[in-house]
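Novice: Supplied in structure tokens, the structure appears directly below.
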Amino acid sequence: MDLHNIREDYSKQELSQAHCHADPIQQFEQWLEEAITAKANEPTAMNVATVLDGKPTSRIVLLKEVNPNGFVFFTNYQSRKGQAIEQNPYVALTFFWAELERSVRIEGRIEKISAEQSDNYFAGRPYTSRVGAWASNQSQVLSSKSELVAKAALIAAKHPLHVPRPPHWGGYIVLPERIEFWQGRPSRLHDRICYRLVEGAWHKERLSP
């Protein structure tokens, strides 16, 4: 399959270092709001990259909260990503909003949020999603789809109203140490503004594309 001639020439906007917020979290929130306003497809979807036994893996996960400390998502702690995080608590996140010709890359340390925070989020999930969190042994081999459906039915019968949060399911927060904002530009002269956390303070700089 020849893909040599598939390319886009970006030209919608530019990114000025002077106009970027001093705090990259605020800059991210602005870009995320603009992606939502522009009706970007799945604006909160992000690639989460981890390393397990020295080998990188990645998957798409939905961002569920941004706060001054970092970026929060929820998952099964016993999943492959959970095992990787337990072994190596450093991850990378990537957002891509094609509609705005923008990308954000985030690198940092990851840790679990409190059980209370996970409980509060889990309680607000749809009933079927709460059942699914119990039914799925995420990343484990299934003999058939019917096995999963049957297990979900049993859990629903056991918990017809209130489904408690599984102890192996909850939230993580990524505490950023490096955040890069990328804006596509003509002739591949893209804008890249990078923030690095140095001794507790954010340093902002422009990178060559």
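In case you wondered, yes, glycine gets a Cβ from its N, Cα and C as well.
According to Swiss-Prot, the protein has these features:
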BINDING   R7, E8, D9, Y10, K64, Y121, R125, S129, R188, L189, H190  substrate binding site
BINDING   R59, I60, V61, L62, L63, K64, F74, T75, R80, K81, Q138, S139, W182, R192  FMN binding site
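Could you place the listed features in the three-dimensional structure?
Specialist: The Cβ of R7 (substrate binding site) lies under 8 Å from no Cβ of any same-chain residue at least six residues away in sequence. Under the three-state DSSP scheme, R7 (substrate binding site) falls in the coil class.
Sequence-distant neighbours of R59 (FMN binding site) (same chain, 6+ apart, CB under 8 A from its CB) are N47, V48, K81.
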Novice: Using Cβ-Cβ distances, find the residues under 8 Å from Q138 (FMN binding site) that belong to the same chain and are at least 6 apart in sequence, listing them in sequence order.
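Specialist: Those within reach of Q138 (FMN binding site), by Cβ under 8 Å and sequence separation of 6 or more, are T75, N76, Q78, S79, R80.
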Novice: Record lists R59, I60, V61, L62, L63, K64, F74, T75, R80, K81, Q138, S139, W182, R192 as binding FMN; longest Cα-Cα distance in Å?
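Specialist: So the maximum pairwise Cα distance among the FMN binders is 36 Å.
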Novice: Within 10 Å of F74 (FMN binding site) (Cα to Cα), which of the binding-site residues D9, R125, R188, H190 do you find?
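Specialist: So far as Cα distances go, none of the binding-site residues lies within 10 Å of F74 (FMN binding site).
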Novice: What is the interatomic distance between the Cα atoms of H190 (substrate binding site) and W182 (FMN binding site), given in whole Å?
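Specialist: The separation of the Cα atoms works out to 7 Å.
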